[in-house]
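Participant: Quick one: the structure is below, questions incoming.
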Amino acid sequence: MSPQTETKASVGFKAGVKEYKLTYYTPEYETKDTDILAAFRVTAQPGVPPEERGAAVAAESSTGTWTTVWTDGLTSLDRYKGRCYHIEPVPGEEEQFIAYVAYPLDLFEEGSVTNMFTSIVGNVFGFKALRALRLEDLRIPVAYVKTFQGPPHGIQVERDKLNKYGRPLLGCTIKPKLGLSAKNYGRAVYECLRGGLDFTKDDENVNSQPFMRWRDRFLFCAEAIYKSQAETGEIKGHYLNATAGTCEEMIKRAVFARELAVPIVMHDYITGGFTANTSLAHYCRDNGLLLHIHRAMHAVIDRQKNHGMHFRVLAKALRMSGGDHIHAGTVVGKLEGERDITLGFVDLLRDDYIEKDRSRGIYFTQDWVSLPGVLPVASRGIHVWHMPALTEIFGDDSVLQFGGGTLGHPWGNAPGAVANRVALEACVKARNEGRDLAVDGGDIIREACKWSP
């Protein structure tokens, strides 16, 4: 009797470990308009050829496993497998290269960012043949984009709702982020909105803690919104964080916000999850609420240069899942952000069509086919002296959000808000008159000081 470990030729396949490149490395493949394309930065273990590494990524993120299985014969692998179709070296990095992988669209559930990420990045990042792996970019085909509803409203609808045009919007995160009572929290909201800001914001970790339950916060913030609107004649908002421990509780909070007739709610989309985020986006679209998105936990995923995912991928995913604002870095504040790279994914959030531009980190041309745009939010570590640079870098379709840069004003919250509004309007006016904000920014702010506390 032959050993049980042997496989007879009549079975139709040979068991054992198989080189991935024999099946999944296809340099002759011409990508289809319907393929999802991915650019991976691969850092492999020594001694493994690049073709095998790239093929391994394609296999383990699609139909492959470590051996041939008999059920391979029951389907069409050529139809469903991912393909590594191109490999290019990374300049200055001997052990790294970019592997381009094409995935057939049939591998993905329609309208599900969750399923897309589960397939592409859910398993392969723990593959021991790779020392590190980073997803640099995705090309989402038009056929897949059209299965998503995207942002609840988008940039133009938001401006129409707020009746605010021709300038960036101004926001402020209430500080201290934790510990205030609901009434004192609402007072700070009122002072900032009354001083000239368009929005105030819950911090990402303000949910419903013992010192301030969510319902109390919502009520006092709504009162602050109504009062400031009545006194200024402008539409105001506060990002009421609806993030919760369950989707049901999250929706309950959003329903209460709608009953209070406030304009906007907020979600922590990475910690909350893409399924929850898409559910909330659908509710906001159906009920006239704007949706502000915070990216809490993003640096766990995107901070390392050779492992994880670049934020441009998370930004694309958010535009598909749904959100009207998302934090996008500042370039000039206290958090990391290279100018050209940051502007690359800012354009991916706002524009309908973006050409491939490797100098800005954009690996693929992306056509959003009129999926609504997302306002990038510049936040953290910024103040009025950054206003000229922020106005020049981000342009009008953005939210400039100052926390300590408002509440840290020596005369108080309202004067801090006035200072921000005066600085912004001075910069916009100077820009419209043809002045160079990069050259004259300091003078513009100094000239504006006489109109501001």
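Think of each number as a place in line: the chain as shown, counted from 1.
Even glycines carry a Cβ here, placed using N, Cα and C.
Straight from Swiss-Prot, here's the annotation block:
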ACT_SITE  LYS175  active site, proton acceptor
ACT_SITE  HIS294  active site, proton acceptor
BINDING   ASN123, THR173, LYS177, ARG295, HIS327, SER379  substrate binding site
MOD_RES   PRO3  N-acetylproline
MOD_RES   LYS14  N6,N6,N6-trimethyllysine
MOD_RES   LYS201  N6-carboxylysine
SITE      LYS334  site 'Transition state stabilizer'
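So where do these features actually land, and what's packed around them?
Facilitator: The Cβ of LYS175 (active site, proton acceptor) has 16 other Cβ atoms within 10 Å, all protein chains considered.
Reduced to three states, the DSSP call for HIS294 (active site, proton acceptor) is strand. Neighbour density for HIS294 (active site, proton acceptor): within 10 A of its CB lie 28 other CB atoms from the protein chains shown.
Contacts of ASN123 (substrate binding site) defined by a Cβ separation under 8 A and a same-chain sequence distance of 6+ are given as GLU60, SER61, in order along the sequence. DSSP assigns ASN123 (substrate binding site) to coil, not to a helix or a strand.
When other Cβ atoms within 10 Å of the Cβ of LYS201 (N6-carboxylysine) are tallied across all protein chains shown, the result is 29.
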Participant: Same-chain residues six or more away whose CB lies under 8 A from the CB of LYS177 (substrate binding site)?
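Facilitator: Same-chain residues close to LYS177 (substrate binding site) (Cβ under 8 Å, separated by 6 or more) are ASP203, ASN205, VAL206.
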Participant: Measuring Cα to Cα, how far is SER379 (substrate binding site) from HIS294 (active site, proton acceptor) in Å?
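Facilitator: Cα to Cα, SER379 (substrate binding site) and HIS294 (active site, proton acceptor) are separated by 10 Å.
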Participant: Counting every protein chain present, what is the number of Cβ atoms, excluding its own, within 10 Å of the Cβ of THR173 (substrate binding site)?
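Facilitator: Taking all protein chains shown, THR173 (substrate binding site) has 24 Cβ neighbours within 10 Å.
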Participant: Is HIS327 (substrate binding site) helix, strand or coil when read with DSSP?
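Facilitator: For HIS327 (substrate binding site) - judged by DSSP and reduced to three states - the answer is strand.
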Participant: For HIS327 (substrate binding site), which residues of its chain lie six or more apart in sequence with Cβ-Cβ distance below 8 Å?
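Facilitator: HIS327 (substrate binding site) has long-range Cβ partners ILE293, HIS294, ARG295, PRO376, VAL377, SER379, ARG380.
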Participant: Using DSSP, would you call SER379 (substrate binding site) helix, strand or coil?
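Facilitator: SER379 (substrate binding site) sits in a strand per DSSP.
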